[in-house]
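**Q** Annotations for this protein, taken from TrEMBL, read as follows:
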TRANSMEM  12-33  transmembrane segment
TRANSMEM  40-61  transmembrane segment
TRANSMEM  92-111  transmembrane segment
TRANSMEM  117-135  transmembrane segment
TRANSMEM  147-167  transmembrane segment
TRANSMEM  173-192  transmembrane segment
């Protein structure tokens, strides 16, 4: 909820994607270097990101953040998720470990200036394993508006605040913002994200078929 317009920026969420892109480019570089199949690479990356997080000041709210602070913040969580993915076949998925992970995250958040230094991996584990263990069909939605909400919520709230809507109480302002943002997120999903995912799956099937054909001919 934005109680007033944040001066100097219209879409902080959008600008954060450059750091996500940097993480994906790093993965691409690892693949091109032929290191993608080596399991040691993900723990090394997580270790490097953790060391980096200890070398820069933690983010302060409010405050002026440096590029290195923001890069480390993204890298440490991306590396934690990458480690869980690369070791997924030997990683136990248990609710008991989720509970332990949540405790670690809460304690680290209370005691440390940057909880990610200790709790990046436990947080990633708690989120990913919980999602994998929940089998309720009603919670497995085919329409994913989360990305559109993330991208369009900030500028929408900025615009509403600039138009005077921020004079409402925070709950009412959140309701108005949600009413405006959800249709934008839905438009983004059906017009951009869903077609892009369908194209990705078609290309993967095409490439897989080509590889099988080449293997059968050799």
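Using the three backbone atoms N, Cα and C, a Cβ is placed for every residue, glycine included.
Heads up, TrEMBL stuff is auto-annotated, nobody curated it.
For each listed feature, how buried is it and what is near it?
**A** For the transmembrane segment (40-61), same-chain residues at least 6 beyond its ends with a Cβ under 8 Å from one of its own Cβ atoms are 26, 30, 68-73, 75-76, 78-80, 82-83, 85-87, 113-114, 116-117, 120-121.
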**Q** Which bits of the chain, at least 6 residues beyond where the transmembrane segment (117-135) starts or stops, bring a Cβ under 8 A of a Cβ in it?
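**A** Hits for the transmembrane segment (117-135): 46, 49-50, 53-54, 76-77, 79-81, 83-84, 91, 93-95, 97-98, 100-102, 104-105, 108-109.
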**Q** By a Cβ-Cβ criterion of under 8 Å, what residues six or more beyond either terminus of the transmembrane segment (12-33) are in contact with it?
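**A** Residues packing against the transmembrane segment (12-33) from afar: 6, 41, 45, 70-71, 73-75, 78, 82, 150-151, 153-155.
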